[in-house]
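The structure appears right after this line, and notes come after that.
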């Protein structure tokens with residue numbers, strides 16, 4: 001009887017954490033680029049809140065209304081810049097802030113451009129439609145990682161797809177939960193029962209999955225690794241990111257297998273397993289695995305289900321009990337998730353369940369000395 005109250009308490013904590021994540025926002029002070037100013041005096045900057053789980057193209061209509069009297073005639077090609085760096089439109093606002101502001105800047109001073117789109121740096125963006133496509137594709141990728149296929153997302157009704165996107169666009173957690181629970185993509189646990197129809201075959205096999213069988217838990221993770229000065233003492237002294245080549249953008253599922261009873265997986269162990277190449281010695285557990293996809297953040301996931309980071313082209317990082325052989329790290333400077341600077345001994349599953357984004361990915365910003 002004691003288990004039920006504990007489960008209810010955990011669910012209550014999880015819901016509170018989700019509401020804090022969905023309610024999180026970054027204060028923005030947006031300046032119009034000098035080249036786009038056609039009237040004097042120049043317009044004052046625009047102050048607004050950028051939802052942490054939101055995307056910059058979704059703010060364009062509001063920002064354009066503020067600057068409309070000063071804009072040049074012609075077709076808009078809107079993009080945002082921070083200290084000379086064009087911002088990737090498909091990375092959530094909160095992730096960009098955590099990654100690019102070593103010392104959190106409030107308000108975050110950005111420049112908006114309505115002309116001169118840097119097509120050699122940023123992928124094309126057609127406004128909300130592009131953001132919606134990116135979200136849906138990420139959700140399908142996450143579903144594939146978690147369950148072994150994307151059928152639960154692909155088979156959503158048009159009404160549910162629209163309702164889910166509108167809930168994300170508006171930051172409406174209650175509406176989102178009403179739809180997302182149908183997908184059965186969480187919570188992440190040490191292991192879970194696969195409750196499938198006898199007619200549903202195993203992934204890559206014509207044989208059906210046996211109901212009640214146990215599969216390892218797989219967590220979709222997106223890592224953004226920023227290199228800073230090795231001898232940096234204070235993060236506020238970190239040099240600004242001048243180009244995206246200094247940031248590694250990595251899709252890498254984390255697999256949790258329960259062997260020999262319950263196991264405690266700390267964030268530190270998860271990062272050692274996920275990012276062996278950024279630590280002083282590589283985990284022997286991954287020595288035989290192919291090197292997973294690590295790209296700069298202009299590599300969008302495609303719609304084929306075989307983009308870098310999906311289980312089609314790489315093996316997941318595993319939390320198995322084998323010796324990792326990782327020495328004491330000296331290069332790790334900071335880990336941020338949803339604006340929180342995390343301790344290394346925090347349970348990884350707690351982070352994954354409570355700080356994941358609406359597309360079911362856990363976005364982790366890591367600063368390493370280089």
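Placement of Cβ uses the backbone N, Cα and C atoms for every residue, glycine included.
Here's what TrEMBL has on this protein:
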| type | residues | note |
| --- | --- | --- |
| DOMAIN | 21-114 | domain 'Autophagy protein ATG5 UblA' |
| DOMAIN | 128-184 | domain 'Autophagy protein ATG5 alpha-helical bundle region' |
| DOMAIN | 218-366 | domain 'Autophagy protein ATG5 UblB' |
| COMPBIAS | 285-297 | compositional bias 'Low complexity' |
| REGION | 285-327 | region 'Disordered' |
| task | Restricting attention to the domain 'Autophagy protein ATG5 UblB' (218-366), give the mean pLDDT. | result | 75
| said: DSSP-wise, what's the residue breakdown of the domain 'Autophagy protein ATG5 alpha-helical bundle region' (128-184) into helix, strand and coil? | reply: 48 helix, 0 strand, 9 coil
| task | Count the residues of the domain 'Autophagy protein ATG5 UblA' (21-114) that DSSP assigns to helix (H, G, I), to strand (E, B) and to coil, and report the three numbers in that order. | result | 29 helix, 26 strand, 39 coil
